[in-house]
Amino acid sequence: MARFMSRLWCKLESSGRHVPIILNAVLVFSITAEVSYLVLVEAPLEPEQKKTEWSTMWKAMHLFAQYFMLGNITWNASLFVRTNPSIRGVFLGGDTLGQGWRYCYNCETHTPPRCSHCYDCNVCVLRRDHHCVFFGQCVGFHNYRYFLTCLLFMWAGLLYAVVMNAEVFIVILKEGVTFHSVMLLLVPWIMLVSGQVTARAFAFAFIADTCVVGFLLVAAFLFFHVILMLRGQTTREWYSTRRPYNLGTLANIRECLGKYWYICWLCPLIPSPLPGDGINFKVTGSLEPVKQRVH
């Protein structure tokens, strides 16, 4: 019985890791479908203008931009999840260990600088930044490019979705800021359950709200990680005032995005080899914590 429960718990834990990915995928494709509907059917123009200004070519350009961003989001997310950032299968070196190496008692091996153990993944990750709960994967040396590019296109896609959903907010607030309109924007679920709005109105309000909240969250994450990249730091190193791995702005970008950093963000299929191996890093400052003087 104990063995059965143990196996059942392991299966539940393993399947539970995919729940955030499934929820993210549902949200992304729901937003894409809603914006496609707005472009094709509910174009924000008067009926007599749709046949002229809102032409087929204009719609095609919108759809191309939309699905270009969707393709980059899904492809980068897929490569991010499939790329192994851990020390598994990596030769860490011989008996000679340099400065910054530590011993991991969980993995029972010496680990290089900037490498740390993730208790969610149960393995040490090279140049570990953080564990991304939205994808159930650690952000490390080998998959940081896909993580950052995915954030970039999520930000661009959500910005585009917010602009396209401006018509939804205008329709909801066309009679002024009333109790009904405010409740529909803030708590659309309650309005749907109580029978105050139709399922169609709920869907548009919910997705529009999701676009705004998602855009603000992704913008904050993207801004934070761009700053980290420019400073040559990881999230774990952000809390320290030291920047021992800062190589300068351009060199820091190459460390994260690779040799062809200026173009690789356009498509995840563009090869951009990283300059390092995730084990050895150029040090430009002291690795020891700065001791404060006692006056």
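From the backbone N, Cα and C atoms, a Cβ is placed for every residue, glycine too.
These features come from TrEMBL:
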type	residues	note
DOMAIN	101-240	domain 'Palmitoyltransferase DHHC'
TRANSMEM	21-40	transmembrane segment
TRANSMEM	60-81	transmembrane segment
TRANSMEM	144-163	transmembrane segment
TRANSMEM	169-190	transmembrane segment
TRANSMEM	202-230	transmembrane segment
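Counting C-beta pairs under 8 angstroms (sequence separation of 6 or more), the transmembrane segment (21-40) fails to reach the transmembrane segment (169-190), with fewer than 3 such pairs. Here the domain 'Palmitoyltransferase DHHC' (101-240) has, by DSSP, the following mix of helix, strand and coil residues: 79 helix, 18 strand, 43 coil.
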